[in-house]
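Here's the structure, in structure tokens; my notes come after.
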């Protein structure tokens, strides 16, 4: 972030500016770290937030988590000494980061923060476990590395992972309400299990494997729990159904009540709690952001007449410290918005918008002529050349190539061994190359390959990659390389998505929610990792994978005689095991999908206690986390479809148009515009539009596409629109103690929308 500069080079008299910049940068990136305000602490805080420090800590977290790949049971075995030294190095880095944080924050705050306590306790426990395990290994006594399951604590508890912590808080806050529903659900399963025991237990029925049908209450409860996921339907019903047609009514009733009603209630409860606590989180963020901006204003304010303001010179210096790489034209644009009347200072209401102004991506663009127009103007401007350019720019040109892509899709699905199909592929390839050449002739090349022209880049990458790998496959006769060629051919079909407006809307929304989807990816990684470590310690070695061509008795039962005649062995599920971290993750992914998960459980050799592991995983991941993920997707789509531009974006666009330096989004589509990466110190001067254009030396601006706005930012914007610009807001203690039940402030619009 902007506050990533250490600030050590600033003289002592500029410490107030550095402190204000730290507050603004925290507001910009929604950081909530209470830090000391002494000059030394401020410089340490800048260094703490430097991107290199954050990359370093994530690197050590990744190394620490990946050690499970090299520890027994290992995918890539390494000596214990090597992995233990690597872990000690990671723990040293974590401790150093913690000490750095302690130097930045007040002591009372540091020791009251449970995140710091968790990290310290985990470091100590890991060291104890390493010493005990190493000592026992030295005397050839095998023990359990139990501290490996604690490694995700580092990922969760460092300040950089606030998004993952927020998701965990959503789960924690949802638990009380979902617990009552779960107890009622389990009561329903138990009642139906007792009914099944009485209905079928004395009938002498047998399963397909010849085992007694529904005679053990624990087995019945498990089978009916699996039926909720539909994984064993209709297999579990068939013995009773074959015996008497009417027994199917029992299973239909059970499925309706527990699969459809209770699972829907789980989603409803999770969604309702997610919305409620999300509102509270966003409200905290909005008021903390305002609180930081007010602190920054109070540091820099001076009195002019009857009001406190920040001078233009101080505002410029502040913006340059927070965003060192901002171009001078961009800075001038933001200053014109903040100092609307050009009075030489920025008032409080305008100053509070600085973090939002810096967060909105304003694209600086430069109009350039096509090189051919400079090299051979007569040819490029001839009537034939202009006709070609008009054809390429026409919408029909796009439609024609969309039809060609659809025809190509049909040919891809046909048999390639047919010579006609093979030659047709070369025809399609030639047409695509002609399209790219015509567009390069029509549009300025740097604009065609500009940063926002991802479709054009993709087309060229696919074409070049296709030709490269095709000739490589022909030369070396490699099936793997040929597979890459086939995939690249199919990727050309992605252009259809860009061509259809409705598809673009959905894709843009998916891009919006992408960053938060990655947050849920981190959450799933944490849960998977913990369950994988537990699974490896409990079940590794119970199943062994052999080549499918092996027909030895040992291979047919996956190396475990207890699996003889089981569905697990019959279906050759031997690779679904907990013998290393990668295999464990794949098994857990299969369990998340829930299809056939009761058969995968066979590898535990039907241990009743082991079933609790799989049921626990299903409850945590499928019932809780997947439902929270669905709740987030629902909320994200509602917000992305309904929310308009923010007040700050509107102000920027208005000022851009007033200054006569605006370019609309649609003008960028296949236009002659490109990023002005070498923007000089052009400024806004003069009184009329012509002078402004002249002074800008060809520079123009526009708001970047909405795809850069994350869902969190949209929700926060929604709440901030309800706060009056001049409102001071509650105190810091009141903000930190907000709860979902608070009615302050009342937000009818936010309540209805989120």
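Glycine too: its Cβ is placed from the backbone N, Cα and C atoms.
Annotated in TrEMBL:
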type: TRANSMEM; residues: 51-70; note: transmembrane segment
type: DOMAIN; residues: 53-276; note: domain 'Ion transport'
type: TRANSMEM; residues: 76-96; note: transmembrane segment
type: TRANSMEM; residues: 117-136; note: transmembrane segment
type: TRANSMEM; residues: 178-201; note: transmembrane segment
type: TRANSMEM; residues: 213-231; note: transmembrane segment
type: TRANSMEM; residues: 251-274; note: transmembrane segment
type: DOMAIN; residues: 394-642; note: domain 'Ion transport'
type: TRANSMEM; residues: 396-414; note: transmembrane segment
type: TRANSMEM; residues: 420-438; note: transmembrane segment
type: TRANSMEM; residues: 458-474; note: transmembrane segment
type: TRANSMEM; residues: 510-534; note: transmembrane segment
type: TRANSMEM; residues: 612-638; note: transmembrane segment
type: REGION; residues: 725-754; note: region 'Disordered'
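Proximity of distant same-chain residues to the transmembrane segment (117-136), defined by a Cβ-Cβ separation under 8 Å and at least 6 residues beyond the stretch ends, is recorded for 80, 84, 87-88, 91, 94-95, 98, 111, 142-143, 145-147, 150-151, 153-154, 157-158.
In the predicted model, residues of the domain 'Ion transport' (394-642) average a pLDDT of 76. Through the fold, the transmembrane segment (213-231) approaches residues 189-190, 192-194, 196-197, 199-201, 203, 205-207, 239-240, 251, 254-255, 258-259, 262-263, 594-598, 608, 611, 615, 618, 622 of its own chain, all at least 6 residues removed from its boundaries and within a Cβ separation under 8 Å.
Comparing 51-70, 76-96, 510-534, 612-638 for CB pairs under 8 angstroms to the transmembrane segment (178-201), the maximum falls on 612-638. Long-range contacts of the transmembrane segment (612-638) within its own chain (CB-CB distance under 8 A, at least 6 residues past either end) are made by residues 167, 170-171, 174, 178, 182, 222, 225, 229, 263, 266-267, 270-271, 274-275, 278, 509, 512-513, 516, 520, 523-524, 527, 531, 534-535, 538, 588, 591-592, 594, 597, 601, 604, 711, 753-754.
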